Amino acid sequence: MLLLLLLFPVCWAVEVKRPRGVSLTNHHFYDESKPFTCLDGLATIPFDQVNDDYCDCKDGSDEPGTAACPNGSFHCTNTGYKSLYISSRWVNDGVCDCCDGTDEYNSGTICENICKEKGRKERETLQQIAEVTREGFRLKKILIEEWKKAREEKQQKLAELQAGKKSLEDQVEMLRVVKEEAEKPEKEAKDQHQKLWEEQQAASKAQREQELAATAFQELDDDMDGAISLAELQTHSELDTDGDGMLSEEEAQTLLGGDMQMDAATFHDRVWAAIRDKYQSEVLPTDPLASSVPDLMEPREEQPPLPSLPTEEEEEEDLEEEEEEEGDSQVQGEQSKESPPPLVPPQPASPNEDKMPPYDEQTQAFIDAAQEARNKFEEAERSLRDMEESIRNLEQEISFDFGTNGEFAYLYSQCYELTTNEYIYRLCPFKLVSQKPKFGGSPTNLGTWGSWAGPEHDKFSIMKYEQGTGCWQGPNRSTTVRLLCGKETVVTSTMEPSRCEYLMELMTPAACPEPPPEPPANGDHDEL
């Protein structure tokens with residue numbers, strides 16, 4: 001009995017008496033030796049009205065252990081696990097909300113106390129997280145050291161490029177002068193060659209026009225008197241000007257400039273240009289194929305029979321006919337000397353006449369020399385552009401915000417993918433996010449790098465990518481990337497919580513915080 005009396009104060013010191021549903025931190029508000037004041041301070045009631053299943057306080061603080069106040073809170077002690085507040089409405093509702101079952105003390109529901117088992121699983125999970133955090137933080141320190149070394153190397157390379165840029169700029173300028181000097185004689189020689197060729201072209205064209213006009217004049221000069229009359233011009237109805245299909249005398253006189261007739265020179269100078277496109281030559285075939293291909297439908301001429309031997313009477317008749325033919329041929333020969341030569345169509349322009357002839361040896365030498373100077377200049381200019389781009393890239397990378405100690409720098413030149421049932425998501429940190437159909441199709445830009453967007457105390461926990469491809473009748477796509485601590489770098493999930501706004505999670509050692517010191521090996525406790 002004495003032993004029990006000695007142990008009783010010890011138990012009293014450990015077990016703090018308080019109303020059901022009140023947490024240990026709030027027990028001093030519930031002193032049964034004096035009236036209870038509602039936690040909002042609006043009312044004071046006798047203490048025996050606490051947990052009497054009637055709501056007296058507006059804030060529900062007088063009924064922490066019953067369901068009388070819908071806005072009240074019940075505290076689950078959950079020894080061995082995490083304490084928890086639940087709504088008073090859940091007290092004695094037949095559902096075990098507290099892992100220790102204390103919320104169902106009067107519902108008839110038997111709740112098994114599973115807090116120790118949950119606590120054990122929770123501790124295992126926390127231990128795994130702690131292990132990942134420790135390993136991830138170890139890798140993070142390596143990443144930081146690697147960036148420090150890489151940054152120094154990039155700064156050294158940048159200095160070398162900037163020093164070499166001036167020398168290359170001078171070389172480019174020198175080669176530009178050489179190129180321009182080589183191009184001057186090239187241009188003069190090519191211009192001279194072009195000019196001569198154009199003059200030849202103009203002369204050939206004028207000669208062809210002269211020939212066409214002469215041929216047309218001969219065709220129109222029916223009486224071959226060396227002049228074209230109105231009547232002769234009227235024989236070509238295609239020159240009709242009023243569209244009635246006939247060339248009247250007035251129309252013909254207008255074409256001849258008011259004259260009644262016109263010689264060849266005046267015809268070429270004043271008339272030919274006006275009728276050239278309408279005039280249909282009597283010599284030039286309208287259809288070249290028709291003149292060259294025989295008509296297959298015409299019957300062949302019958303072969304004449306072989307002649308029989310002539311008699312003496314027939315021989316005398318033949319001699320008389322030959323004498324007559326000789327006489328006729330002499331008359332025709334005299335007439336042919338007086339008649340003009342037969343009409344011969346002018347030769348068309350050769351296809352090669354429209355093609356400029358090759359350059360002469362001196363001009364080609366100027367061209368080759370200028371081209372060699374251009375090649376050297378362009379090569380040096382291209383090298384300068386490449387160097388300037390390298391300088392810009394290095395300056396951008398060195399000045400980029402890669403985290404407090406540059407721990408995220410290794411992500412700069414990498415891309416990571418996540419494949420779902422429909423799409424392949426691709427994240428290129430500090431550049432862009434894209435989405436591509438899994439079974440073919442072009443990618444869609446889900447946003448380009450914007451900024452770090454984490455809260456003030458954890459700025460580098462969230463990336464923001466903005467101004468992606470616009471949605472149909474909606475905003476431009478954007479992506480928020482949450483960074484999680486992990487031993488590997490991998491995209492773990494992606495979703496579209498709202499239209500055109502995507503959420504992605506990237507696991508990386510760079511996001512691992514410094515872990516707390518490990519507890520002593522003999523410091524195990526049942527409670528979290």
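Sequential numbering from 1, following the chain as shown.
Any Cβ shown, glycine's included, is placed from N, Cα and C.
Residues or ranges marked as coiled coil by TrEMBL: 144-178, 367-397. Per TrEMBL, the feature compositional bias 'Basic and acidic residues' maps to 182-198. Sequence annotations record features per position, and here TrEMBL assigns compositional bias 'Acidic residues' to 240-252, 311-328. Residues or ranges marked as compositional bias 'Pro residues' by TrEMBL: 339-349. Taken from TrEMBL, the feature domain 'EF-hand' applies to 208-243. Residues or ranges marked as domain 'MRH' in TrEMBL: 413-514. According to TrEMBL, the region 'Disordered' annotation covers 182-211, 237-260, 280-359.
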Per DSSP, what is the residue count of the region 'Disordered' (182-211) in each of helix, strand and coil?
30 helix, 0 strand, 0 coil
Model confidence over the coiled coil (144-178) (mean pLDDT, whole number)
93
Please spell out the DSSP helix, strand and coil residue counts for the compositional bias 'Acidic residues' (240-252).
4 helix, 0 strand, 9 coil
